[in-house]
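Peer 1: What Swiss-Prot records for this protein is below:
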DOMAIN    12-482  domain 'UvrD-like helicase ATP-binding'
BINDING   33, 34, 35, 36, 37, 38, 39, 40  ATP binding site
DOMAIN    509-800  domain 'UvrD-like helicase C-terminal'
């Protein structure tokens, strides 16, 4: 059919393929858009052109535009709006354009989940749900799910004679718990939801175990997987033998081996003529392979030792390959493999029914709570859009409404989403209106059950001329990256990707072509940095082994030093906004990694090089000391009878006990809970430790009561305040980060309380489940990712982004194979597979289905990882740097040389399929580059024609592991110092340190004066010292602490504490009437009940002195003018330094703070009254003598009070009085005199 593409204007900047994508119509369109090909711009332009064409009679609300993320949807809507406004600016009278601008906010431009939500909100009655439902977050959904699942299992256990269920439990769980069954049901539920009809998929899962009518394994639906695997491995064995024969044929090669090797090869080649219709024939053919003993070389000196060893090594590899085929596929008889599946069928049937029950119960529970989760949206939308297996009336209405449906990132859709899109698009193939954009090479979300085969099927059936089921348009030109980056990517992936292994051919249509030209330079050549670890043992290492940790450290230091070198050398970067080169900045650099396990090492390495660093890490939050301590404390508040959390809290800075003290507590009660021992120790011991424990127990009881009365956030904040733990961690190294983590804990508790769950117990349980499942939350961020920092993120997080310089790290980290080697495997095509467990004999056998699906999942994982690597390499705009460690470069390069003689561009299938890490692919690909040939001086390397610029640098770990050398040097220096000998090395910072030591600060006088002082402190500086004075003038607005310092607790109250108690009572006494003794005693009882005053403080208060005050002229005045009285008035006041210190001549001001006990504020004047508890009677000869001392002591204080209050209020301080409780003396202070 004709594409009806209008001619491209000569002035157009669009490529021919981009123009086709913008203009194509009349059929479904698939745009295969390579990385950096401008797909978003094409998509937006297509939409805008359609909308501004008034002859098309298209409104924006007649388009459905689906994006992958909310951010993408917002950006899409913004770009369309901007385009419409520009068009309206050129044609301001257009009613059509005005209408489009007005309709834009009502247009369906969103994620598919949001579109489904829109359908449900509008047609809720079709799905039979409450329209007032609330959409919940995954956290709340998981908590409801766990409750429902536990309830279901408990119900099943309670059913009498439920033999099928009990057999299932015995078959799939351990002896101690049913956690495995719990997890299996949950996994199956999630997996089934990726299918349009989950129940149908679960039922089909059971049918794969129906083998009654099957007589041979070759009849099983998944036999093609088995055949493919055997063929691949036989071919690999053949290649091993061919390599061995090549070495035997070399000059000085082990020629006597040739006859044996050729006989081996004949046997292997004969397997290519196998009868694949008979499993018995296959088994016999494989088992009959006979590798004869290789002959002994008589004169070994006549042969090259390397050739001899290589020939032996390759033959042994071939023997091992054939042995593995026999072990994996033919270890049991055919009849046993088939009978195992039949025996498992009842368990699988029970499991299927159990998952269906759970799904129904889970949905019912959410309905009762009036909530839905994200997984419900797609399936409820499907329920509304489907009528049986046909489009419902609602779906038909959408088909009429949407004149075109456009979907971005189509390669990441699943079967449910595909069905929804099909139901709202035109069902006629001849008039298809679905426009899909994506790149299957960037499909990296299989773990989210994305289905890249949907894209591939259309890619293979759609034709570029539109003659097939739709139109296919390839956008291969890359406008993001320099030629150096594209050449490197193409060179590697031409050798890696084909339909067999990667599910797509990397042909001329798929490879990247240069779109934006820039001058070539060697500085932009792709770099491969290999760090030779020499002694590493890759046979036994895992991701958390000491070897792997050391690899992370070395790699991190390599990268940090490389970044420091680029920054210091002002590496030139082309700035697209400035349209010119500029020196590189930290923000230009990103470090990409498959996982973030090396982030802490990377951060440490960056600190050493003084490089600002931001790691987008979603783990490590619960492991931080401050968060772990708070979680432990909350567990103890919830239930103190938990030994480990209790010990953690006691040992933490909150309580501060040491190991010896913890041991003493346990000795108080050797058996039972540690909390009982704690209580026993408190009661039988008199010590400082016992006092600490007593205080803690009282505080713990208060928190436990608070946890019942108040919400969770109130409890957490109260703990922060009472323990000062938040302030404490702020003073530790990394204090800002630690405080951010504690704030995040408060925020997350607040979010939790907004769910349908409440309370401390549930929150603690929720956190425990997150920890068990490994669902960490990620530490709080104190540095924004948009700042001038080097960023580190996962490759998945980088998808859709671009960076001037990309450093890909962790290339030698092993692929995550946990899912493949899991006890149970799930597959979209074949359902569920696991080992067969004979519960009577307690023997476990691998099933043929399990082996087949394991191979299938392994191939899918390899294809996915290949696409992940493609995404990583295509993020770079200017420069690509690849960093990896190798256990032994000499041995590793020899392994790569095995494929160096290959003449085909594509690497052998087995080499690609058996890769364990990215470096296996990159090494085997780049070994055929001329740069490697020059490095290794190996003539046997068959280099491939390429324009890729590659710089290879081999480093050793000793270049980076300097700590040991530095420690040895420091030990030598220490010996020199002990012997009074000079240190042989002079610090390079000597001159800089000298400058610091000799520096004189110009405003030194200001450093001796505090920027903020209390009036009390000033009074001390300018007046006589008196231990009986009340010096607590700066009062805090918080609950009075009942805890006295430990060294004072056994003594009577100090004069200061007595004064504080008197002031507290004076603040609380009512001025409505003259108080009596009974009034004051009742008030004190109330204050004790509210924990405002302690028993000791009440006992120390002299009630008679309080009563005497109200008999004095000042007291009577306060009672008469009660409405004008203000008590405990705080103030802050800036005062010039020169007014405080006569001999200091600097232009600075000091912040003065204080609290006025009482003041009578009239219309124009203020009277100040300050209470004093100084000892007067019996200490001075008479009041005249005392008054002179008191005026001198308190003159500064009252003068500052008066000046501050007068300045703040704007009213004159008419009088200022001191009232002394001891002796009922009144002293008036002249506030006009100088300081």
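Every residue gets a Cβ built from N, Cα and C, even glycine.
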Peer 1: Taking each of the binding-site residues 37, 40 in turn and counting other Cβ atoms within 10 Å of its Cβ, which one has the fewest?
Peer 2: 40
Peer 1: In the three-state scheme derived from DSSP, which category covers residue 38 (ATP binding site)?
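Peer 2: The residue in question, residue 38 (ATP binding site), is coil (DSSP, three-state).
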Peer 1: For the ATP site given as 33, 34, 35, 36, 37, 38, 39, 40, which other residues of the same chain have their Cβ within 8 Å of the site's Cβ centre?
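Peer 2: Sorted by sequence, the hits are 42, 439, 475, 478, 479, 480.
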Peer 1: Count, for each of the binding-site residues 33, 34, 35, the other C-beta atoms lying within 10 angstroms of its own C-beta, and report the residue with the smallest count.
Peer 2: 35
Peer 1: May I ask you to report the DSSP-based helix, strand or coil state of residue 33 (ATP binding site)?
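Peer 2: Going by the DSSP assignment, residue 33 (ATP binding site) falls within a strand, counted as strand.
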Peer 1: Are there any residues at least 6 positions away along the chain from residue 36 (ATP binding site) with a Cβ closer than 8 Å to its Cβ? List them or say none.
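Peer 2: Within the chain, residue 36 (ATP binding site) has Cβ neighbours under 8 Å at 478, 479, 480, 481, 512, 515, 802, 874.
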Peer 1: Tell me which residues of the chain lie with their Cβ under 8 angstroms from that of residue 39 (ATP binding site), as long as they are six or more apart in sequence?
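Peer 2: Correct list: 31, 33, 408, 437, 439, 475.
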Peer 1: The domain 'UvrD-like helicase C-terminal' (509-800): mean pLDDT?
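Peer 2: Overall, the domain 'UvrD-like helicase C-terminal' (509-800) comes to a mean pLDDT of 85.
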